[in-house]
């Protein structure tokens, strides 16, 4: 009964898409690509969340990739070919990231691809790469299930997945004399695929060590009011507060704890404190003293090429400090570079086999992988000291030889 | 016991601030019969502006409401005259879509000019507390609460003691009768929209100190404000006050004694239950559209 | 009209053969299958929000529900999610019916808010019900089992098939009395209830109907993505895209949502490919939404067809007075129910009261309408006559008292049930569905609550034939295809009478039938009323035209201050000094000159 009229628009839009599609008739994806034209630049396709929810890490990752591309092009390129990054925006949207990588691989026929940011986007994106047999080195996406899928082309360019992130902190606690180890601990964590597994695994390990759990709670991602949690923590007075904090919740809890004037002996937060400038301005520089966190990379680490990375990053981006996300992206590119250089071609199957068999040196330290692409390594233990984020463990990567313990009161 | 008293005190302080934020929403609904989904975005817009003002000039964020409230009043007036008014007389749902669109525009605008990152203003007092016996009163909350009380009191006086205020109340109770006795519908509506926006001007300034925010935070805020207004009765100012206190208390008490994860769900269930059982809320008058 | 279907069919054929001629292009196929997915959602959304006018801002919830259903079953049983995708539709329908049963009791703002709250609640449940949904970690699914060469082609056809089914389903709904009922609800819900439309059941059915194909598509979508999590599956921006697509194309139309979805998807993809890394996507989407609401609220398709009609106007014919005056009423007579022989009055109102705040509009009123009579109800403005009508037909709940119709207590029944029992009414100010054609208006009433009636074809067959007959009776047969809003006021009154007659009523309540009707049509009107009355239809008439009342009606009841102050044959009322002095004296004279 509803009025129907001529849908000429339907026809018009269809014609448009058909033209778009017919423009290039390709070949069967599984057919071997013709030998690469070595005179042309080598194109690396990347889709990043440059807008939307993950735009912050996405933008940093872009900078990391760009610094790497500039460096390699200055030094003569990859396999003698100049590198050309084709970076598109996926607006933090799963549908878009799928269509982006499909386009990059099958339409634009890029030679190589690199990963995107956040597990949410890396899950579907890595599936596209796997379907098309492209090596997929992801700079982020350490959710445990990522590596349960038996993918063969997936590699995670960070030292450890979420459940193993806190191992380095537990090791440090173990190294303390018994009377200095915490007796009680509280574990508030955001319901987040990265933060929660870190804290869960830490809680298990510390309980095994005999640390009594006095508080454990998961709060939703949109929690803005931390006073209730803080007042419970203040009432239970744990020696250790270990928070699975993404960012704003980390700042929120510290501020609430401070208002309630409760300062634990040891304070650990997963990733919030690694956002250097924003974190210290959020809680006040003087309050950062002694707060622990884990991190995949540090600006002053003595790893190979790290100093160049930091210097080139600062030169390229108005003297800004590189973020961890940028370093992770840079490391992912390094992994791909090492494989391509060693194999001497962009043959995806060979690249895959080489990466499974070898260790790669990156600015994050040495990386190697299990058969499903899960990394075998450890994170760095960071601590804020005198207004600066330092690495205190493991010893060979440490940038500061002292550890602040116990944490001083809030200022 | 101390924990309970502490939770109640915090709940009341937060409730007062919620009440201020919700007052604009309920005022606009009362007069225009429009659910202003953009109210949350107004708050974030003001919070971002306040933060910028504080960073560049050092003006105290809560005091800067003196600047932001008139600015928002103007913005609300302009928005009403040139955008919202165009859809008066259309189906209710269209106004929801329109204000939703405005919220998206504000979010997008903030993304472009301010970037997609968390901010929060941190004046010296933001982490200090007054201590009363065992109870701690965070200074920022106390100042925010006081500002909210002052503004709500002012709003109350404005609505009861001035001609314009009485026109707003008359229109919200019976638009056609108000028009009959010579109250200009457009001017009153514009005034209500502008006042509602101005209250977000104060609310946003307080928000900038109390909560970290980023452009997309407005979804959290509008759902919270809607809950308050629905509970209290759409269009009723005393209702918004009570609804805000109830939800502020419920929030701190469930966080203290209940499960944090499910507390948000309880919140939405309250909205739904109230809309179903008593659509007019605790204090609202039954709408004519519900009767016919 | 048919031409649109031909164009749609051609498009479909082109879409069907596209992957055959160009098979190794997963990217355009991927873009197009997302287009189909959005079109499926927008077309489904259109059933509840376009046809019935209940705007849902949380419709992507059903996609998430479908995805989760298929994924959870796949996870626990190992069955391929594609085979259990239809179960996603079943989950969506179950949730829609359960939620709809409570949610659809609200209207306007409240419904929009609740749909958002539902979506966010679903997200919270998916996040926190770890044992079932894996919580915020989400669920990963295996890669498709077919060769990577064909990667997107099966999905392309799956979504295209679902889109075709969805459009056919939507078209079928639009043709049935169910569809007309939905539009009636959108245009005027109170009026819809008064003409026998069971608004509660229809709304729930429409909500369920709008969820099924989205749920099925959700199962397929989960397999396509191989991963789902609460934030992605229950995102509010997904719902915004649906609304935007349907608004742009034209809500309430059949192909509008499809066209809108195609446009919105292509613009979105274009922004990705050509927009670079601009931060402006949300801004642009917000601006489009604002601009569409402000300047193109009807959508592209209706606006274009309106422009087409302006350039190619159709000749409008006027009331066929001669035809009307000469028409034989036999046709009406044959459609009327056999009036029952039950003893006692047809309608009995006892001690009925209604208060609005402090104002007592009806104050313990008594009224009796004898079977076969034309009873009048007169009284000054504000005496409570229309309120009493509203109480009798159930448009408002009464505060106290009883109403008995045909020996049955009806004061607690919903308005449509009273309509099904044989109680029809017209309105003081006509309430036709202005955007429907005259014929659609007349077929809109639903004489009973049976599902069979609801799913009967509305635009052709017996219902339409009967409606045409009734239009001929009131002399408006020639205007059947005109929009009701374009008719004159008097014509609208006649259409409303024809509409009520579709219900085959035993008692018709006429609220000021003569108001605004020109004298020759008024003559026709009274004649029709007399004819119908002779055939057993009882009338209760509120009217200010006192001469008309006195000549047409017997008995006459006089209402003042919310109760009946006098009743009897017209001759006695005319002479009743009480009535004359207290009421008629002033009012009659004033009225006669007005």
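Numbering starts at 1 and runs along the chain as displayed.
The backbone N, Cα and C atoms fix where each Cβ goes, and this holds for glycine too.
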Transmembrane segment per TrEMBL, picked from B:92-113, B:114-135, is residues B:92-113
Recorded stretches the transmembrane segment (B:140-160) and the transmembrane segment (B:7-31) touching, at least 3 CB pairs under 8 Å: yes
In the same chain, residues at least 6 away from the ends of the transmembrane segment (B:92-113) whose Cβ sits under 8 Å of its Cβ atoms read 32-38, 40-42, 44-45, 48, 79, 83-84, 215-216, 218, 222
Sequence-distant contacts of the transmembrane segment (B:225-247), meaning Cβ under 8 Å and at least 6 residues beyond its ends, amount to 11-12, 15-16, 18-19, 21-23, 25-27, 29-31, 35, 39-40, 152, 155-156, 159, 172, 267-268, 270-271, 274-275, 280-285, 287
Between the transmembrane segment (B:37-54) and the stretches B:7-31, B:61-80, B:180-213, the largest tally of CB pairs under 8 Å belongs to B:180-213
With the cut-off at Cβ under 8 Å and a gap of six or more residues from its ends, the chain residues touching the transmembrane segment (B:180-213) are 17, 20-21, 23-25, 27-28, 30-32, 36, 39, 42-51, 54, 61-62, 64-65, 68-77, 79-81, 84-85, 88, 118-123, 126, 140-141, 143-144, 147-148, 151, 155, 158, 164, 167-168, 170-172, 221
